[in-house]
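Below you'll find the structure, written out as structure tokens, and then a few comments.
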Ligand SMILES: Nc1nc2c(ncn2[C@@H]2O[C@H](COP(=O)(O)OP(=O)(O)OP(=O)(O)O)[C@@H](O)[C@H]2O)c(=O)[nH]1
């Protein structure tokens, strides 16, 4: 548990340090005053927490400050974290197994959002959790994507079904399901090509992957997750909205949070879309994909201990 929290804290370090730099050590013992509240407001906006969340956090801290003019930064941080945790109630996705195995998880999203890397990291995480996993290299569009996933599979010792660049992605998905079934795998992770929602041929391809999987199991894919680049900040909300309208997303994976100070956007995504967040990408190493935990996130953001 402590190890997981440490991962959150280091993965969100840029967001955390952007907040703590703007607030000039507010959370390390300073007393609250009007100017530190202003600094905090600015810091929360900069980290992309958005208007509603920022105002709620400030309102609660101000309320406590009115009651106790000696209120310290540490106590204010506790209040802020509690508001975040409350706002994020219900946002944690849990990868429950489907009735018919394998549980099929399709990872979709725009180019470069981190789908291939996430497929590999997720396979590794599930494997370390004692589950059997199969990867399906259905990004047959981007040159080198198949090779990229294959090399991850070799490195992490994960079974994979892959064809070549330009192959029919739906055919790969079909074969991968069969292979996963034959090997008794619990989970099939389907990496797909990056696509903008405006590219109708690629959108049709996703629909085809679904149709073909449903020939094996009419309830598949059981999960359709959007892999979204967390460094887009609040812009990721718009992207998720469009994909949700087209595909009925069942979950989100937010990547690259280690490289951004805009890690507050997660809260806005949840507020706006109410699509559960399953995993966060907090770095480039295989174990840098972490199950989303609202409490760890909220406390890490305010520089608090677990
Ligand atoms: N720092 C950091 N980098 C990440 C994370 N997730 C993915 N990346 C990097 O982002 C880049 C793009 O990742 P890919 O997995 O290739 O993205 P993709 O969505 O499969 O790309 P397309 O196939 O072009 O759509 C790679 O360099 C990854 O290493 C993360 O959580 N943190």
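Every residue, even glycine, has its Cβ placed from backbone N, Cα and C.
Residues or ranges marked as GTP binding site by TrEMBL: 109-116, 191-195, 255-258. Of all the Cβ atoms in the protein chains shown, 30 others lie within 10 Å of the Cβ of residue 115 (GTP binding site).
TrEMBL lists 276-289 with the feature domain 'SRP54-type proteins GTP-binding'. Applying DSSP to the domain 'SRP54-type proteins GTP-binding' (276-289) sorts its residues as follows: 3 helix, 6 strand, 5 coil.
Proximity of the binding-site residues (112, 115, 192, 195) to ligand 1: a Cβ under 6 Å from the molecule is found for 112, 115.
Just so you know, the Cβ of residue 257 (GTP binding site) picks up 27 other Cβ atoms within 10 Å once every protein chain is counted.
In the predicted model, residues of the domain 'SRP54-type proteins GTP-binding' (276-289) average a pLDDT of 95.
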